[in-house]
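Undergrad: Can you read through this structure? Questions will come right after.
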């Protein structure tokens, strides 16, 4: 008999960790030794866990992890010498450990990388490798990097000139002109210093001799020549004038073009340069005033020697020397402090030693302690001029000790300073050998847990899906309207308070706000655009954008008035048409959002088109290039589209539409940025959103055939294929372990259609099981719709489970999108009793109060308005023939009674005219009838509420056979219709994003391409019908 040497408890106590491909095995109790760390919190619900291999996978460094795991085992953390310090710190941070946990024996080796990092940081600040700053870096220095003129390539000429001059004077190696200017500057510095040195030679000086009259006797005199002073040769003055003229020109130009005047004035080299130059003019002025006898003026003129420090800017090695001295300043100050102490001590000792032991006072060369101080300074520094020296034996002994002490005090700290310089210089040489451009690899995407992913989707992170995208004036700006056309449009489609904005026909930088008044007249108000923003002329308030101004006056009704003080009310806009339905158009997104979208992909040449944030009616094409995001403005004037910017061939490349313009540049691969650089458009960055009111154009666009390598396909087909590819990848983040359990497999209708563990409905207080093949489906915005439960059609063995779920969730509406049998296959077990009968399912009793069938005779065009009002519970509906072939859908009113005596009524909707894997539409004239029935069906289930006094807050159960295809389409349609009912037609819809959202809660929702297209068609028909029935255009449904 086999004996299990390791009990199950021992096996369960072990845990396998796969770190970077290396498998580690340890005990769970070992990982619990360090609480509040990543390894102490491992559970099977985390995304790191692989249920197939029964291991946790971490894409981290296995070598470092071996030391970390050893820390859990032994309590001592050692530093592996074969890895870099920052990498070790990153690993410690990831695993939730502190760097202070490293053992003292490894601390010196471990912290060495910090001094290296500090050295590299200092070298980076010196900008030794910078030959020429990029345009973006220069713009950042000047503070113009967020200037919209710069983004669009329209910087004023004087700003561009300032940047060029600044680079010439501040970056000596940036260009040929900069190198010439540098050579000239160095030449004048050397000439000035050489002139200062040479003029002290007697051969270059002119003696100023005065004659003194001497009386030899009373009758005769004699004139004796006397040297008064030596003057500089006049040629040196000419040299000084030429040099200082250059110096004053250079410093003035550098000050004018410098972006940071305060920093410029605080620079030590600039202060020296200014003092040396100004001192020349100061001494020249004194000379003209005949104040030239003061030798102190000549002494102060030595400040020009300091100009040699400007040469430090032209040689990296010189910068390193100064930096080493600054970095070692603490050691130098400590050295000076100890030297001063030693000098003071030995000076006092040698003074009194010589004074006490000298036989004669004349033999004592140290008349005072300051004399002794001078002797000790030159002695301890090992210079020894020999002008002072001790003569007594005791004095000599103290002098010898002073010499030795000086060597020890001064020489011992020197290796520290030398090492600092060597460290800087070694790294400088190493940096010079690095390639100028290095490949940058971004960090890996963070691992998202399944529950976090579901929560993120529940919170609705897709802005377009939620309708929370930014707004611009483009939505109500009509670029091609004249005044007469604007009045006609407002009177035909508007209501009192309707408005639009159009360009002024008389002034190029102005706009006109046209408003329909209550007396069916139109008022036109001029909007002027200034450097500060937008305003209404005589009205003082100015706004940064046109949209902000309109929104302000919409919500502050009393502020916009006629000249006679009559209030002008702005209610709803007449919306403008989108420039294109192509997916490269992203609408009103901001510049920062554009960068986020394009930088998320590595494709060079990826592009999109967005609305201009500042100028209504203009657009911006944004392209990802090797140097960042390039932006070029697109304008439309008199129906012609063209690129607005330097370098564009405006007179040739004009197009009838935005699509023509984009397709032209895609085909010819030519685009010129403002700086003259050429780049290509390679691939559009697609957007799937559209305005609800534009769904007809969207459907027409997606219906067109597109040539692919697999033949011609519709846009619906391509969009659905891409959606499936994305969903297949994301589905790997979710678990289905409960559905895979052996005891639960008989409760699944299909073995491959299982509920996600993260969102499954858990049966509570149910002695049989807690499992049912059902998932909760929440809308992106929970306040704008109900919760759904998507489930499979009940099996004969799960009828009691189904009704327990209904009782537990207090369900009041069930939508069934299937027949009991389709094509000789059982699709759903009957889980309700016959009409007017009662049946018990476990602890739940169900009574079928009545049934009503709706067939072709009850379709819209005849009784749609009559059927629009939902009958209240308990009322007997007109009974129709029960033949399913003559019935589109059926309504049952069921009464449920629980074991504890609670009871309520449930509306059970069953749609019969929708086959499995397909769509109710068959692409013929019958589609309008079918769409009308479907629209009526969705209108009714959307308002399902058994009692008028009690709103329906419980989830709606939706099921077909498998609970994914027809159920997913039904849920998606109902979600979109709920949003339109709540917010009107001026919302942005992204159907692929919505499908992705609901698929994150149950696998495979919306199963086929036909079902996907069917969602579009129902929404399209819904909007068309409301546009026909409403006296106003659809944008007025959400009037405030």
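Glycine residues also receive a Cβ, built from the backbone N, Cα and C atoms like all the rest.
Automated prediction, rather than curation, is the source of TrEMBL annotations.
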Undergrad: Per TrEMBL, which of 287-308, 309-330, 331-352 is transmembrane segment?
TA: 331-352
Undergrad: What range among 354-371, 372-389, 426-443 does TrEMBL record as transmembrane segment?
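TA: Going through 354-371, 372-389, 426-443 one by one, TrEMBL flags 372-389 as transmembrane segment.
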Undergrad: Short question: which residues 6 or more past the ends of the transmembrane segment (177-198) have a Cβ under 8 Å from it?
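TA: Those are 167-169, 171, 204, 236, 239-240, 242-244, 246-247, 250, 301-302, 304-305, 307-308, 310-311, 314, in sequence order.
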Undergrad: Against which stretches of its own chain does the transmembrane segment (331-352) lie, if we need a Cβ under 8 Å and a gap of at least six residues from its ends?
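TA: 325, 366, 368-369, 371-373, 375-377, 380, 390, 395, 398-399, 401-402, 405-406, 409-410, 413, 416-417.
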Undergrad: Taking DSSP states H, G and I as helix and E and B as strand, how many residues of the domain 'Tyrosine specific protein phosphatases' (935-1013) are helix, strand and coil?
TA: 41 helix, 6 strand, 32 coil
